[in-house]
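Here's what Swiss-Prot has on this protein:
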- 1-11: compositional bias 'Polar residues' (COMPBIAS)
- 14-25: compositional bias 'Basic and acidic residues' (COMPBIAS)
- 104-124: compositional bias 'Polar residues' (COMPBIAS)
- 175-186: compositional bias 'Polar residues' (COMPBIAS)
- S10: phosphoserine (MOD_RES)
- Y74: phosphotyrosine (MOD_RES)
- Y88: phosphotyrosine (MOD_RES)
- Y89: phosphotyrosine (MOD_RES)
- T170: phosphothreonine (MOD_RES)
- T187: phosphothreonine (MOD_RES)
- T198: phosphothreonine (MOD_RES)
- 1-34: region 'Disordered' (REGION)
- 51-91: region 'Interaction with CDK2' (REGION)
- 85-198: region 'Disordered' (REGION)
- 153-169: motif 'Nuclear localization signal' (MOTIF)
Amino acid sequence: MSNVRVSNGSPSLERMDARQAEHPKPSACRNLFGPVNHEELTRDLEKHCRDMEEASQRKWNFDFQNHNPLEGRYQWQEVDKGSLPEFYYRPPRPPKGACKVPAQESQDVSGSRQAVPSIGSQAYSEDRHLVEQMPDPTDSPAGLAEQCPGMRKRPAADDSSSQNKRANRTEENVSDGSLNAGSVEQTPKKPGLRRHQT
């Protein structure tokens, strides 16, 4: 390293170290519009939410906070749940991470079949006025995670069936006389291309 030359145009290492210590480089995350006034931001957000709520009340003549109809151009009336289309009261789909256990039957290792209740058959709904039964605590997404920590899309295969893919055999391997009792697959070959010499 003693043979390394430092050009006059570049600062020496000692000067660079001193400069970094004196004036630390400002962070890349900069506030372009000045410091944030959190009180003003909160007031603006609350005002915006109130304005949106009032606009919705005027548009639909319904008090969404108190769940009461208001006087206006719409006539709100209570209807029976049975007269509504099913998608209005159908329980929501379980979350993507929830276990999907078939409701009919499952088969254990010995081959005997058992009836298994379907997990997630009850509703996961926060709209309690639409759902008559409250979900079981074990049916919650947290309970499902405990019951099915690592559900796989496919069950793990036995060691004997792990090699169920057939080998891709070529013509040379077939002519060796090492044929299996099963069928032989051959890879199709492209027709030979003429090479032009230049």
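Using the three backbone atoms N, Cα and C, a Cβ is placed for every residue, glycine included.
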Q: Starting from each candidate's C-beta and looking 10 angstroms out, tell me which of the modified residues Y74, Y88, Y89 has the most other C-beta atoms.
A: Y89
**Q.** Other CB atoms within 10 A, centred on T187 (phosphothreonine)
**A.** 8
Q. Helix, strand, coil residue numbers for the region 'Interaction with CDK2' (51-91) per DSSP?
A. 16 helix, 4 strand, 21 coil
(Q) According to DSSP, collapsed to three classes, what secondary structure does T187 (phosphothreonine) have? (A) coil
Q) Rounded to a whole number, how many Å is the Cα of T187 (phosphothreonine) away from the Cα of Y74 (phosphotyrosine)? A) 70
Q. To what whole number does the mean pLDDT across the region 'Interaction with CDK2' (51-91) round?
A. 90
